[in-house]
């Protein structure tokens, strides 16, 4: 547009006679007066309802034509249908058959009735100074390793109230098989007891059981321990997933979903946990010390149902599960690797390429997920930018889809502060969108595959989950994997009794020191 508003201008008349200066009225600054955010929202709304807007004129024309028909026209139409009775019957039969096939073959809706997250007793909390003092007293770490752990702990985003198992509070630690079993039982049975109490479901009603724990796989299995404890029925379909990393919780949900598609009127329970006791690293290799500083005790139990009657009381409906596996690439396969160090001590090594590999897996995952969840307007913008980049200018900046238009809440696996920071930046999220992940990391640490459920519990405890809201759970795991689950709230969801945030959510969010 022209010059700035309010400037003085001299107008010269015919014959060079100077006309008195006059002050021009300022033109509106459209960039300021019209918030572009609303223009974009209007565009998205238009594209989303484009088909409906196109059908409205056709419907109006049909109604006008129908209103102009007289009784004679209706009579002629009836006579025409009588002489074409075979065609009418054939069309009706095809319509009925097609509708029946569609109803019988469409996927059954999967409902999340409720879930619970285990909260350890207060005496298992570990503070910074306690962690460092115990590490020093073990005598297994040299000064360089102790300093490294101190720096990692201070920058990790963990708070002073995370939990370690009983065996790791002893001096020296006592990581025995019996102690590991005891930790597993406390976590799994604690979560399941709360789940059964809150839902009123009897253990005998469970038809499918899926348990995932990456690093602790005893014999009998963890799923067998649950069957024995709760005396589950003899024909239960039980599964035990091991070695699948922090994203195994979504994999377990996907497996349970597939089982519920096959078996009618069934409940499925998914138990997600990790075991610290037998997987603490007592060596001095830096890349293997990081898990000591991040992983903490935690677990969850989720009740899924394919019964239509459960829709009334269920919290969520499962919308999508998208799984990405990059294990064919050697770097991705080796970036999270359990191994022995030079001294023969076992631990999990994290590669320096971890964040880059996670970014690649995320890119592949959201490329698959995007068309399923993004509005058509975002897909058109992304596609047009991609075409321009390929045909005209390779330097054209790619358009990053706005996932905030597809999801109301985000549960990003609380693997560490760097993971949350990167996703916040790359997905252009607001601090509110990653608050649940940051606060879960601060309060409970990295609880592996169960962290996304602690995050969902945080959102509920804050009273933010409204009917119709969509939640994106996204987790990363060894292999390397990136998995997503999308849920839709069926009601204004409140936190369940005895939730992990029940008596502390009012203290959050807290300021995390960088």
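The backbone N, Cα and C atoms fix where each Cβ goes, and this holds for glycine too.
In TrEMBL, annotation is done automatically, which means it is predicted and not curated.
Features as listed in TrEMBL:
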- 41-64: transmembrane segment (TRANSMEM)
- 85-104: transmembrane segment (TRANSMEM)
- 102-391: domain 'FAE' (DOMAIN)
- 246: active site (ACT_SITE)
- 325: active site (ACT_SITE)
- 408-488: domain 'Beta-ketoacyl-[acyl-carrier-protein] synthase III C-terminal' (DOMAIN)
- 409: active site (ACT_SITE)
- 413: active site (ACT_SITE)
- 442: active site (ACT_SITE)
- 446: active site (ACT_SITE)
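Residue 413 (active site) has its Cα within 10 Å of the Cα of these active-site residues: 446, taken from 325, 442, 446. Counting other Cβ atoms within 10 Å of each Cβ, the active-site residues 246, 413 show the lowest value at 246. For the pair residue 409 (active site) and residue 246 (active site), the Cα-Cα distance reads 20 Å. Sorted by the number of other CB atoms within 10 A, the active-site residues 325, 409, 442 start with 325, the lowest.
Applying DSSP to the domain 'Beta-ketoacyl-[acyl-carrier-protein] synthase III C-terminal' (408-488) sorts its residues as follows: 38 helix, 21 strand, 22 coil. Recorded residues residue 442 (active site) and residue 246 (active site) have their alpha carbons 17 Å apart, per Cα-Cα distance. Summed and averaged per residue, pLDDT over the domain 'FAE' (102-391) gives 92. A sphere of 10 angstroms centred on the C-beta of residue 446 (active site) encloses 25 other C-beta atoms. Taking only the Cα positions, the spacing between residue 325 (active site) and residue 246 (active site) is 13 angstrom. Reported as a whole number, the C-alpha separation between residue 446 (active site) and residue 246 (active site) equals 9 Å.
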